[in-house]
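Residues annotated as domain 'Fibronectin type-III' in TrEMBL: 1-49, 54-150. Residues or ranges marked as region 'Disordered' by TrEMBL: 37-63.
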Amino acid sequence: PELISGDMESAMAVELNPWVEYEFRVVATNKIGTGDPSTPSRVIRTNEAVPKTPPANVSGRSGRRHELVIAWEPVSEEFQNGEGFGYIVAFRPNGTRGWKEKMVTSSDASKFIYRDESVPPLTPFEVKVGVYNNKGDGPFSPIVVICSAE
């Protein structure tokens, strides 16, 4: 944080992450040196917000015949921005219109398996994975092409 002059009685913390617990301390400094930090403040949780961070590294994984296995790196808790966090997995055969969407309600999830007996092996799919919480839907990852299992 910026240095605050000695006659100030308050300061504003900015750019804090939503839905994160924070504690604050004050440290005084002068020409002679730096004092010990104050005792921590009470724990303060910032307000919830719509998630802003989509999952990273969306990719395909090996699976069984007629499966499309979609994997991603889960979003860490500090970027979930509120309760009710989950993923929206969207996919469609390459070159088609209209996304099929499936909700994955576990915040720890790192993959989704779509099974369809009519999907031939090595069918390319466009895939993206988005995020949501109780405040609303956040962004999707960039679209990647993943092939169904052989």
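Placed from the backbone N, Cα and C atoms, the Cβ positions cover glycine too.
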Summary of DSSP states over the domain 'Fibronectin type-III' (54-150), given as helix, strand and coil counts: 3 helix, 50 strand, 44 coil
Residue counts (helix, strand, coil, in that order) that DSSP gives for the domain 'Fibronectin type-III' (1-49): 0 helix, 6 strand, 43 coil
Integer mean pLDDT for the domain 'Fibronectin type-III' (54-150): 96
